[in-house]
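Here TrEMBL flags 168, 172, 379 as Fe cation binding site. Taken from TrEMBL, the feature substrate binding site covers 201, 202, 203, 204, 205, 234, 247, 351. Taken from TrEMBL, the feature domain 'Gcp-like' covers 28-72, 126-385.
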Ligand code: KG4
Ligand code: ZN
């Protein structure tokens, strides 16, 4: 089965083509990710209306690249349909292209830019050799999600294909199967002895601890009550005026502080010490807004010169505080639920200290620890495609809608 996947839930426009095999193995034929980071950087966070505009502008081009890389992009061979198609048309079994374009105009009536770019593409290129379309339907930013969902609907309608709706958080977890876990060869073998799995999903929009009993069987153990972990990094970076997205910059400055032996530091008599919110609470919930506020109060006491000197130390302490809480709760959940593996995922899983801290802990317990390669931690359509590959239920395009607050369980 060949799956064409579309991801537009936040600020990356991504298209992937995945080919599954009967033994459960698969290959990623393409995975194109176009980031909008530069567009949102001046605002220090993702602006939903701008995200929608950029997805609309870029999606057709990314789709074309994704299909081309998968060697599935073929120019329409003739203006006239093949004989069998012509017979089906006369018998009224399929719609003519002009009738389909009318439906497409309705599907995309709120995505004018997308419609204008997609139409010439559909006229020029033949239906690619794919079997199904997968698309992120939530959770995410509603205006951004709609661009992906409406393009999936338009393509499914035009190419007579079904759609598999995908939960973005589930896809972050499944990203762990985009590489071999425990060195096993194929996706079925990779699954052996992993469940129940303790899954920590940390991104710009989500922070959740999920117990995974099998594919499709999830229980949310806890989640953030306010900001997501990545959002907290982004807000700290905005406060310190060090750039966007915050996570990678905070991580880099933290490493610098460590090298200079600044963390935890005393500079000009000032010690940077931030709280570890909810680290001792009996539940599996998180809270990062208090950490951000504590950092803000501390920053406000500093003059410009001291702030500049202390910025790497503040980053290091903030990163350590967030990681201490994440690691502590993940360990507690692993023990309570007697799990066989720990799966880290989401954009913040690209953080080196978080990766190594969790790995060190769980290797000690003899558990399988997995984290996707960094390129599959941040948003990408390959993880959407693989999640769809684990599902059997397909839908008509008319049945698909977005769900901004979709829950995994
Ligand atoms: O998964 P993702 O691409 O998008 C969402 O679904 O939200 O995650 C983006 C988030 C941003 O908040 C970014 O600051 C954070 O992941 N991030 C990191 C690192 N790289 C990206 N956070 C900490 N350390 C990193 N190295
Ligand atoms: Zn994400």
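Cβ atoms are placed via backbone N, Cα and C, with glycine included.
Here the features listed in TrEMBL are placed on the structure.
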residue : record                 : contacts (Cβ under 8 Å, 6+ apart)
168     : Fe cation binding site : 7, 9, 136, 138, 139, 140, 379, 384, 406
172     : Fe cation binding site : 201, 203, 206, 345, 346, 383
204     : substrate binding site : 10, 46, 228, 230, 231, 234, 245, 247, 347, 348
205     : substrate binding site : 9, 10, 139, 140, 228, 230, 231
351     : substrate binding site : 247, 251, 319, 323
For residue 202 (substrate binding site), the three-state DSSP class is strand
What other residues of this chain sit with their CB within 8 A of the center of the CB atoms of 168, 172, 379, the recorded Fe cation site? 7, 9, 10, 136, 140, 169, 171, 175, 203, 206, 346, 380, 383, 384
Enumerate in sequence order the binding-site residues 201, 203, 204, 247, 379 whose Cβ-atom distance to ligand 2 is under 6 angstroms. 203, 379
Can you list which of these binding-site residues (201, 202, 247, 379) have a Cβ closer than 6 Å to ligand 1? 247, 379
Of all the Cα pairs drawn from 201, 202, 203, 204, 205, 234, 247, 351, the residues the record ties to substrate, which distance is largest, in Å? 17
